[in-house]
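See below for the structure under consideration.
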2 protein chains.
Amino acid sequence: MSLRHAVLGMLADAPGSGYDLLKRFESRENNAWSATQSQLYGELGKLAQTGLIEMTVAGPRGRKEYAITEAGRHELREWLLDPVPPQPARNETLLRMYFLGEVEPAQAREYVRRQGAEAEEQAERLDALDEAIPWDDSDRSFYGRLVLEWGKRYAAMQREWADWAEHRIRANRG
Amino acid sequence: MSLRHAVLGMLADAPGSGYDLLKRFESRENNAWSATQSQLYGELGKLAQTGLIEMTVAGPRGRKEYAITEAGRHELREWLLDPVPPQPARNETLLRMYFLGEVEPAQAREYVRRQGAEAEEQAERLDALDEAIPWDDSDRSFYGRLVLEWGKRYAAMQREWADWAEHRIRANRG
DNA sequence: TACTCCATGTAATAGGTTACATGATTTG
DNA sequence: CAAATCATGTAACCTATTACATGGAGTA
């Protein structure tokens, strides 16, 4: 149940409406978690009901701004220090790799090449993001940068692996 | 809907029962996809109903062995050559990173250190797996090895990142 | 005979996606 | 005033997890 905690964490950073959080999911948080609009509003309702967050400002157009409560902050800290349960791996790109013997080597190569190209694009997006964000000395910036660095390294690893794999397919399968 | 394709792919490799596939998920495929027993049996039923797989042998203890059909193989190939839709990122470990400002620097460091240790264990598991698997010249082995290499590089990247992050926290937060 | 492993299934619940529906406010 | 953006919500459906339930076959 991590959406719950993603929301708590974001509201611990700063209060906001469902609409606000949605945008935060689309930009920064993107790297680590995602949620649909539908899901978000539902979760905000549940969190408010259980008292982990509360509505603080009612704005125009039915805007509801929420803030984390003490109970919510407590829940967030508990979750942060919990041992992370092993995550069920779900990587569709990688899953397909297993079965590429079903298609022509040229198609397999093309598939891998494309993964590499996408990783490169991702690396560029992250570099741009890095330069666009006004980093400061806050915890938010500090830990955010660690996450961004993770993303960069992940993208680089994928690109290097794709290059390697492409050559191997050419050498061994044609 | 990738479980469907994971099952098709595994049955394209070799026929098997739900029980068999479950074990394959737990070992090799582990790196890329996972499924529970419950889900698997349900999916096998649906695939059989739509004719993408068929029961070929009824064994002892109600054992039902399935094989992929021509229609199933066709579906599998189509899926393999489809462009991979962007995957919703869901990485709980990374998600927590964003919010580590909520806890003491020492606790944050410990959290990151633990991630590094787990990555190292994973690397060791993969090395052991590599040596334990009787690789041959088949497509299955060939592409399986590419996936394994991906896993090794991923584990290495995580470990290096964790080391780096740990030092950074110590230097900047205490 | 007891234990382990093989083997399949269902029900309840939770989590996630897509589509539909509606309307206010701001800006050019 | 038209268009873009802000803003929330619901319903239907699909996917995934946990727990429960049952029993056959092989082996020490």
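Residue numbers in this text run from 1 along the chain shown.
Placed from the backbone N, Cα and C atoms, the Cβ positions cover glycine too.
Taken from TrEMBL as is:
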- A:7-78: domain 'Transcription regulator PadR N-terminal' (DOMAIN)
- A:90-169: domain 'Transcription regulator PadR C-terminal' (DOMAIN)
Residue counts in helix (H, G, I), strand (E, B) and coil for the domain 'Transcription regulator PadR C-terminal' (A:90-169), per DSSP? 69 helix, 0 strand, 11 coil
Average pLDDT across the domain 'Transcription regulator PadR C-terminal' (A:90-169), rounded to a whole number: 96
Per DSSP, how many helix, strand and coil residues does the domain 'Transcription regulator PadR N-terminal' (A:7-78) have? 44 helix, 12 strand, 16 coil
